[in-house]
Amino acid sequence: MGIKHLYQIISENAPDAVKSGEIKNQFGRKVAIDASMSIYSFLIAVRSDGQQLMNESGETTSHLMGLFYRTLRMVDNGIKPLYVFDGAPPKLKSGELAKRIARKQEAAEQHEEAKETGTTEDVEKFSRRTVRVTREHNEECKKLLKLMGIPYINAPTEAEAQCAVLARAGKVYAAASEDMDTLCFDSPILLRHLTFSEQRKEPILEIHLDRVLEGLGMDRKTFVDLCILLGCDYLDPIPKVGPNTALKLIRDHGSLEKVVEAMKNDPKQKYTIPDDWPYEQARDLFFEPDVRPADHPECDFKWEAPDVEGLVKFLVEGKGFSEDRVRSGAARLQKNMKTAQQSRLEGFFKPVAKTDEEKASLKRKHEEKLEAAKKKKKEDAKAKREAKSRPKGTA
């Protein structure tokens, strides 16, 4: 799930933190990818007639199809991917996981009912909600990656946290995930939409944490407190606290401790904090996650030549893939992994730190942008109200 509405908060309040571009702009970069999130998206997206792809034996192949071709696309564009798999979830996450299982069970029942009485759209909608990544899916994907020569590592717990460690250490350029909580784990750069299909035509979003903090005017602790208040995987959200309210509360009070105190002392009792809401533990999980240091032997990785015959045996003979396409894909891997060895020119230069004067200028420009956006929003709202109040037939 990640952090609710965080991207909205960033795009509205720290727009300079987000760069949008094509996949080819990532040429020559090593990227740590949240494997479980990617596999889940493949199971949902790679479908035929509302159903997951299957071979003649009835085995699901959507995850393998997605992983094979999306990884090829990255390598074609000069990216060197490293996949990071989830380990055991933290205990604090068990409540959220239990809710997800319950929702999937409910969706499975609705899916069966929709097949009897609903439309095609209903069937597909409920079918997608039943999807979950199994241990077998993960093991098959690891086998495929090994045959492709693409490295992977297993995280002790949260994959996003391990990706962030590698990014901070400079072993990879960025962490890639759709989960915005990757920023809470202190990844300097987050890439979104990297594993999306080309057909979706979604730009790659590159989010820089230092610019997020600068744009919001927060340090990391305050930012993490904001994210917990917005709603994360570890805690139930506080009812009636939406994105704008969460941002205002954190800005007004400065920390979750003071926000909670203000809520409890509010004579109107506007907000009801859930009985079990251990926000300190949630914060600790973001600041001290169970991860391996970047120099740990299990965090060593390298890209190798693909095992062409192994790929044919696994995908063609075992899973019913087209042999021509698999061999063609293997040839692309062999060719493009060599191209990806080239370094980006930017790698030879260190960024120059901004002066206080430059920082003040950037902040002033950012505030002017926000003010202009607010003014336009008010003017648009006023124009809409006036348009509604005019009698019909008048210009």
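Backbone N, Cα and C atoms are what each Cβ position is placed from, and that goes for glycine too.
For Asp34 (Mg(2+) 1 binding site), applying a Cβ distance below 8 Å and a minimum sequence separation of six or more within one chain yields Val84, Ala159, Glu160, Cys163, Ala175, Ala176, Ser177, Glu178, Asp179, Thr182. Look at Swiss-Prot and you will find Asp34, Asp86, Glu158, Glu160 tagged as Mg(2+) 1 binding site, backed by sequence analysis.
Per Swiss-Prot, the feature DNA binding site maps to Arg47, Arg70, Glu158, Gly231, Asp233; the stated evidence is sequence analysis. Sequence-distant neighbours of Gly231 (DNA binding site): residues of the same chain at least 6 apart with a C-beta under 8 Å from its C-beta are Ile3, Lys4, His5, Pro237. According to DSSP, Gly231 (DNA binding site) sits in a coil region rather than a helix or strand.
As annotated by Swiss-Prot, Mg(2+) 2 binding site applies to Asp179, Asp181, Asp233, with the evidence given as sequence analysis. All chains included, 20 other C-beta atoms sit within 10 angstroms of the C-beta of Asp233 (DNA binding site).
If you look up Swiss-Prot, you'll see 356-389 marked as compositional bias 'Basic and acidic residues'.
Residues or ranges marked as region 'N-domain' by Swiss-Prot: 1-104.
If you look up Swiss-Prot, you'll see 103-123 (among others) marked as region 'Disordered'.
Feature annotation from Swiss-Prot assigns region 'Disordered' to 356-395 (among others).
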Same chain only, sequence gap of 6 or more: which residues have a CB within under 8 Å of the CB of Asp86 (Mg(2+) 1 binding site)?
Ala35, Ser36, Ala155, Thr157, Glu158, Ala159
Of all the binding-site residues here, Glu160, Asp181, which one's CB has the most other CB atoms within 10 A?
Glu160
Looking only at the region 'N-domain' (1-104), report the model's average pLDDT.
84
